[in-house]
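Undergrad: Would you mind keeping the following structure in view while I ask a few things?
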Amino acid sequence: TGESYAGHYIPALASRIHQGNQANEGIHINLKGLAIGNGLTNPAIQYKGYPDYALDMGIITQTTHDLLGKVLVPACELAIKLCGTNGKVSCLTANVACNLIFSDIMLHAGGVNYYDIRKKCEGSLCYDFSNMEKFLNQESVRDSLGVGKIRFVSCSTEVYMAMLVDWMRNLEVGIPLLLEDGINLLIYAGEYDLICNWLGNSRWVHAMKWSGQKEFVASSDVPFVVNGSQAGLLKSYGPLSFLKVHDAGHMVPMDQPKAALEMVKQWTRGTLAESIDGEEKLVADM
C-alpha cells in the first residue's frame, strides 16, 4: 500500500511479486491485495481530467477549461502515446507537455494548496514537514532504522529527477491480471486533492479492461460510514473497490485518521464491500 507516486510503484511491485509466485521463483510471497491512495497510475486519463476537476471545484473558469481542452490536453495525449512507444526522451517530453496543464491551472488558482484545495500552499511542498524531518534525522532514530548517516529529506531532488522518465508511463496495464487471479485492489482518494484527484482516479478505474468491468461500472455508490457519519462513497465489485473520502486532501490518513484506519481494517478483513451488499439487499427488499 502507498499513496501518490505509489500509483506507479505499487502496481509494478505487485505485478513482479505475482509473476514470481506464478513462476515459483524463490520464496512464495503471500500477496493478497494492493491499495493506492490518491495515486498517479494512468497519466493519459488522469491529466485529461485536471481541467474537469478544476472547473467542478471552482478553481478555473469555463473559458479556461475549454481552452485547456482544445490546446494542451490533445498535446498531452499525443505526447503520452509517443512515450509509450519511443522510450526515454519522448517520456521526458510528455512530462513537460502534460504538466503545462497542471501549471496553467495553478496559475489561475492563486496560491492554492494543490494537495488540498481548501488550504493555501505553505513552502515548497505546500505543507510544513520540518518536525518530521527533525525527528527522522535524529541519530538515535537513524540508528534504530538502520540507515546509517543518510540524511532524510521530505522530497529528494535526486530521486525526483531520476524518476522523470517513468512519470508519464501507464502502470495500470499490469493490474487486470492481478484482479483476474483474485488479488484485491483498493483505490481511495480524498475529494479535495487536485494533483492526484479523485475524478481522474475514478475514471481510470472505470475504464480499466477486466472481466468484471461491466459489473463494476454498473454498481452503485454507497455511503462509507464511520462512527455513524458518512466518511465517503464506496463502489465495489469482486476484488475491486473505489472509495472517495470526504473532507480529505492528498493525504487521507493525515486528514481523516479514523476513517483511514477503519477503511484499512475493513479492507484487510475483507469486509469493506459488505456495506455495499447490505445496501443492495435493502433496496431489493424494498
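Going from the start of the chain as shown, residues are counted 1 onward.
Each residue, glycine too, has its Cβ placed from N, Cα and C.
What Swiss-Prot lists as active site is Ser4, Asp193, His250, and the listing cites similarity to another entry. The disulfide bond annotation in Swiss-Prot covers Cys83-Cys98, Cys121-Cys126, and the record cites similarity to another entry as its basis. Positions annotated as substrate binding site by Swiss-Prot, on the basis of similarity to another entry: Cys196. Annotation comment: Swiss-Prot describes Asn227 as N-linked glycosylation site.
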Undergrad: Quick one: give me the count of other CB atoms within 10 A of the CB of His250 (active site).
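TA: Summing over all protein chains shown, His250 (active site) has 24 other Cβ atoms within 10 Å.
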Undergrad: Measure from the Cα of Ser4 (active site) to the Cα of every one of the recorded positions Cys98, Asp193, Asn227, His250, then give the nearest.
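TA: Comparing Cα positions, the closest of these recorded positions turns out to be His250.
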Undergrad: Among the recorded positions Cys98, Cys121, Cys196, whose Cβ has the fewest other Cβ atoms within 10 Å?
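TA: Selected from the recorded positions Cys98, Cys121, Cys196 on minimum Cβ neighbours within 10 Å: Cys121.
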Undergrad: Among the recorded positions Cys83, Cys98, Cys121, Cys126, Asn227, which ones place their C-alpha within 10 angstroms of the C-alpha of His250 (active site)?
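TA: The recorded positions passing the 10 Å Cα test: none.
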Undergrad: Give me the CA-CA distance between Cys98 (disulfide bond) and Cys121 (disulfide bond), in Å, as a whole number.
TA: 22
Undergrad: To the nearest whole angstrom, state the Cα distance for the pair Asp193 (active site) and Asn227 (N-linked glycosylation site).
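TA: Cα-Cα, rounded: 24 Å.
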Undergrad: Going by C-alpha distance, which of the recorded positions Cys83, Cys196, Asn227 is nearest to Cys121 (disulfide bond)?
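TA: Sorting the recorded positions by distance from Cys121 (disulfide bond), the top entry is Cys196.
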Undergrad: With Cys83 (disulfide bond) as the reference Cα, tell me which of the recorded positions Cys126, Cys196, Asn227 is the closest one.
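TA: Considering only the listed recorded positions, the nearest one is Cys196.
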Undergrad: Report, in whole Å, the straight Cα-to-Cα distance of Cys196 (substrate binding site) from Cys126 (disulfide bond).
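TA: Counting only the Cα atoms, the answer is 15 Å.
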Undergrad: For Asn227 (N-linked glycosylation site) and Cys196 (substrate binding site), determine the Cα separation and express it in whole Å.
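TA: Counting only the Cα atoms, the answer is 27 Å.
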